[in-house]
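Q: Please see the structure below; I have some questions.
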Amino acid sequence: MTASRTLALTERLIGRSSVTPEDKGCQDQLIALLEPLGFRCETIVSGDVTNLWARRGTTQPVLVFAGHTDVVPTGPVEQWTSEPFLPTIRDGKLYGRGAADMKTSIAAMVVACEEFIAAHPDHQGSIAFLITSDEEGPATDGTVVVCNKLKERGEAIDYCIVGEPTSSATLGDMIKNGRRGSLSGCLTIKGVQGHIAYPQLAKNPIHLAAPALAELVAEVWDEGNEYYLPTSWQMSNVKAGTGANNVIPGDMVIDFNFRFSTASTAEGLKERVHAILDRHGLEYHLKWALSGYPFLTPRGTLSAALCEAIKAETDVDTELSTTGGTSDGRFIAQICPQVIEFGPPNASIHKIDEHVEVRFIDPLKNIYRRTLENLLK
Ligand SMILES: [Zn+2]
């Protein structure tokens with residue numbers, strides 16, 4: 001058996017303790033591999049964050065591989081079976097922080113390009129890499145900055161594969177063709193504090209809010225669509241009370257969040273929440289925070305190329321899904337018509353003893369290479 005270049009590169013990347021927003025030289029390693037392949041590499045620094053834009057070719061279509069070199073903190077190191085930044089193989093699994101999220105994907109993308117370019121040096125279009133070290137943190141100096149720069153200079157991209165770990169039980173069983181949006185609200189219902197024995201002299205914000213909250217819980221925000229489950233509204237916290245059981249509190253604070261589909265808009269949801277609160281005659285203050293727009297890539301050229309590559313490599317039929325948290329796909333989708341996320345199984349991500357199964361590493365690289373062949377050969 002020949003040694004796997006993808007495994008070796010994955011191990012080198014895991015060896016860098018690039019806890020967000022640190023890159024710890026990961027991108028320099030990628031540049032050292034990409035430049036000899038003919039990629040023009042551009043380092044884009046914003047705040048504490050290092051980003052890499054690397055492109056080979058000047059024509060369309062442009063296929064972008066996107067990902068992040070930063071990882072989440074290890075948590076208590078003594079709970080790890082082996083050191084989190086010392087890549088270790090046990091029982092067919094490669095352990096280390098970032099093994100699944102997402103250093104294996106990055107290594108697989110680079111080696112897939114090496115193989116594809118060696119076989120097809122005069123391929124069609126362009127191949128690019130968009131790599132950041134600010135995905136697991138606030139995500140304000142990372143992918144969004146590079147996307148804005150590309151937009152500014154009119155550099156169009158056509159397809160983007162984000163290497164997030166999207167597989168579930170086995171490699172290739174799930175890809176993400178969108179993500180829901182996330183909209184949070186902090187609602188303060190105003191009452192009048194008073195003695196609980198003299199309710200006529202007070203105004204109980206809990207009693208005032210209850211019917212409106214019941215209505216918000218029962219509301220059907222949308223029916224979802226072909227790709228999305230219906231939008232969901234969830235309260236994450238409710239607090240009121242002064243600590244004494246003989247006091248009607250002066251106000252009540254409710255934290256809530258929408259995970260919304262492309263069947264709704266953030267503005268539309270806000271309006272409807274205000275309409276319900278107003279109809280109940282409440283006196284309130286409501287502070288909104290939109291942390292991510294939803295995005296959707298309907299079935300098309302990119303999803304077909306990827307699903308075909310997965311089928312050819314693994315014989316697995318792929319499910320398109322829009323579940324899960326937000327990702328950098330939301331920024332790229334603003335400048336790219338087709339964005340799909342695909343990477344290894346995600347059961348261990350962000351956990352103690354994060355790992356990837358070694359038997360998936362080369363097939364993942366082969367799937368990325370086959371996708372290149374399907375789109376740019
Ligand atoms: Zn990730």
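Every residue, even glycine, has its Cβ placed from backbone N, Cα and C.
Heads up, TrEMBL stuff is auto-annotated, nobody curated it.
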Q: Besides D101, E164, which of H68, H123, H195 does TrEMBL list for that Zn(2+) 1 site?
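A: For the Zn(2+) 1 site that includes D101, E164, TrEMBL also lists H68.
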Q: Please identify which of E136, E308, E313 is recorded by TrEMBL as part of the Zn(2+) 2 site containing D101, H350.
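A: Within the candidate list, TrEMBL flags E136.
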Q: My understanding is the cutoff is Cβ-Cβ under 8 Å with a sequence separation of 6 or more in the same chain; which residues meet that for D70 (active site)?
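A: Expected: S18, V19, T20, P21, E22, D23, T132, S133, D134, E135, E136, G137.
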Q: When the Cα of H350 (Zn(2+) 2 binding site) is compared with the Cα of each of the binding-site residues H68, D101, E164, which one is closest?
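A: Of all the candidates listed, D101 is nearest in space.
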Q: For H68, H350, listed as binding-site residues, tell me which one has the smallest number of other Cβ atoms within 10 Å.
A: H350
Q: Which residue, of the recorded positions E135, E136, E164, has its CB surrounded by the fewest other CB atoms within 10 A?
A: E136
Q: Please classify the secondary structure at H350 (Zn(2+) 2 binding site) using three-state DSSP.
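A: Once the DSSP labels are grouped into three classes, H350 (Zn(2+) 2 binding site) ends up as coil.
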